[in-house]
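> Straight from Swiss-Prot, here's the annotation block:
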BINDING   24, 27, 40, 43  Zn(2+) binding site
């Protein structure tokens with residue numbers, strides 16, 4: 001899990017626009033962020049398996 005200090009630091013307004021980065025809305029993870037859903041890959045997988053993301057289903061081909 002992300003450290004609380006880093007999450008709070010990222011939420012404050014940044015002096016320069018290039019300092020902004022995306023974090024997962026659930027766990028605060030900065031990597032493997034899925035922009036369309038606003039969560040990281042781990043939380044996305046958990047939500048998709050529970051059926052909490054509408055229109056998402058496991059791929060099979």
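Note: Cβ is positioned from N, Cα and C throughout, glycine not excepted.
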> Can you list, in sequence order, the residues of the same chain other than 24, 27, 40, 43 whose CB lies within 8 Å of the CB centroid of the Zn(2+) site?
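In sequence order, the nearby non-listed residues are 23, 25, 26, 28, 29, 33, 39, 41, 42, 44.
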> According to DSSP, collapsed to three classes, what secondary structure does residue 43 (Zn(2+) binding site) have?
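For residue 43 (Zn(2+) binding site) - judged by DSSP and reduced to three states - the answer is helix.
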> Which has the fewest other Cβ atoms within 10 Å: 24, 27, 40, 43, the binding-site residues listed?
27
